[in-house]
Ligand SMILES: C[S@@+](CC[C@H](N)C(=O)[O-])C[C@H]1O[C@@H](n2cnc3c(N)ncnc32)[C@H](O)[C@@H]1O
């Protein structure tokens, strides 16, 4: 079962193979052009450098992450100075030199709304099938009706158990709605030896965008 404790333990044991050292090239390539100051939500953000890239574009960025270790590493590795305050069960860390906040706590307790855009990389696919609908409904509820979404999804063959989970295209469209368009696709088996070595024929990373 994928519980909050599962993720806290992943961080404690450094089982964070999902973390990328640099900025995700698919974010840089496919992020829509939005007015500076747009409020961007990054659910289940880990210690992703993508938060910094988004803030450097001039957006007001809010990442939400369960693990205090992830948050400490993110703030520490980047030498950020910040201030922290408590909002209910959530701790809000506001970085001094960038328009960036990291909210520490359970995403499902985070209820601030009206975000102009959302970036989901390894968040929806981190959710087990039993909680995926709840995750998407919660996320859509935090976004304005005209919000843009950039989502990176995964679909793979074989009997691997997630996370990351394989999400097929019908489910993805059912969850997010028909406006979600697939704009890029890469079979990682063809580009990254490790997926072939694991016996996959298909390990497809796809990029989806909802834009108004
Ligand atoms: C697969 S990682 C992806 C992290 C990040 N998006 C990235 O691209 O590196 C999923 C992250 O979601 C966090 N997480 C899982 N459940 C959560 C929840 N209910 N609330 C907030 N964060 C959660 C985990 O601690 C983990 O850091």
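Just so you know, glycine gets a Cβ as well, placed from its N, Cα and C.
Of the listed candidates (65, 83, 87, 104), TrEMBL assigns 65 to the same S-adenosyl-L-methionine site as 11, 44, 121. Its Cβ placed at the centre, residue 121 (S-adenosyl-L-methionine binding site) has 25 other Cβ atoms within 10 Å. There are 20 other Cβ atoms within 10 Å of the Cβ belonging to residue 11 (S-adenosyl-L-methionine binding site). Taking every pair among 11, 44, 65, 121, the residues listed as contacting S-adenosyl-L-methionine, the largest Cα to Cα separation comes to 18 Å.
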